[in-house]
Each structure stands twice: as structure tokens, then as C-alpha cells.
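Engineer: What follows is a structure written as C-alpha cells; I'll ask about it next.
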């Protein structure tokens, strides 16, 4: 149940912290602020979708290359890989943009390395293409980190 709870926790933490970050930015500039419920919806779609469909796609690719793998194990691996984004989200409260990029970058790298290292030995049996599969896995995790940063922790305050 760990991957489900980690993903669910991340959904609400990212939405709550993202909301708090925009609230603080608006208050510091003395601008009007409105709560955006869509952060919860986008967060749920992003994280549940990622944890369900990326491992499912990887499972199909691994089966194509005759690499032994289990779908439940992949779901667990990807669910646990999201844990590092929970403290990273909490640290994104700090209103320094470069600090936020560094935090999300480090979390993305740690998450990507976790998945890639755990799958590396299994994927080596895919032959010559094992490196492309591992690189793709790594880049997808980094892309998730960038999406997390851009959607939840990039603040723009309008001229209201």
C-alpha cells in the first residue's frame, strides 16, 4: 500500500504547498489572491497517471524485449520513487526561485537514479538497447520533476 499512500500524500502536499506558495507571493506584492482548486485535480491526474501509465508502458516495452518483470513490482517501484518529492515540495516554500530549482532538480535526480538503478540489472538482459531503456526511464523521472516545478512552484502574480 506504500506506493498508493506516497502518491496520495504527494498529491495533497503538492497542491497545498503550491497554493501556499502562490498565496505568499500575492500577499508579498499586496495583490488579490484566489484559491485554485484545480491544483488538486491536476496533481491527482499527474501523479496517479504517472504512477499507473508509465510503469504500464515500461512493462509492455520490457515484455517486447523478453525482459522478466512484474507489473505490480513496477508500480511499487514508481510509487516509492515519488517519496523524495514530498520533502522537496515542503522545501519549495522558500521564496527563492533558484533554491526551488535546485531542490526540484536534486529530488528529480534522486528519484530518477532510484528507478534506474533498481531496474538496471533486470533491463541489461534486453541486449544492446538496455541503455536506451534506462536513459528513457531516467529522463521521464526528470521530466516529472520539471513539470512539478513549473506547474506547482512557479509563481506569477498578475497586475490585478
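Cβ coordinates come from backbone N, Cα and C, glycine included.
Pulled these features from TrEMBL for this protein:
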| type | residues | note |
| --- | --- | --- |
| DOMAIN | 1-147 | domain 'Yip1' |
| TRANSMEM | 5-25 | transmembrane segment |
| TRANSMEM | 45-62 | transmembrane segment |
| TRANSMEM | 74-94 | transmembrane segment |
| TRANSMEM | 100-119 | transmembrane segment |
| TRANSMEM | 131-152 | transmembrane segment |
Engineer: Is it true that the transmembrane segment (5-25) and the transmembrane segment (100-119) have 3 or more Cβ pairs under 8 Å, skipping pairs fewer than 6 apart in sequence?
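Structural biologist: No, the transmembrane segment (5-25) and the transmembrane segment (100-119) are not in contact.
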Engineer: Per the 3+ Cβ pairs under 8 Å rule, pairs at least 6 apart in sequence, do the transmembrane segment (100-119) and the transmembrane segment (131-152) touch?
Structural biologist: yes
Engineer: Could you give the residue numbers and ranges of same-chain residues that sit at least 6 residues beyond the transmembrane segment (45-62) on either side and whose C-beta is under 8 angstroms from one of its C-beta atoms?
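Structural biologist: For the transmembrane segment (45-62), the nonlocal Cβ contacts are 3, 7, 10-11, 14, 68-69, 71, 74-75, 77-79, 82, 122-123, 126, 133, 137, 140, 144, 147-148, 151.
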Engineer: For the transmembrane segment (131-152), find every same-chain residue at least 6 residues outside the stretch whose CB is under 8 Å from a CB in it, and list them.
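Structural biologist: Residues 14-15, 17-18, 21, 39, 42-43, 46, 50, 54, 58, 61-62, 65, 81, 85, 89, 92, 100-101, 104-105, 107-109, 111-113, 115-116, 119-120, 123.
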Engineer: According to DSSP, how is the domain 'Yip1' (1-147) divided among helix, strand and coil residues?
Structural biologist: 123 helix, 0 strand, 24 coil
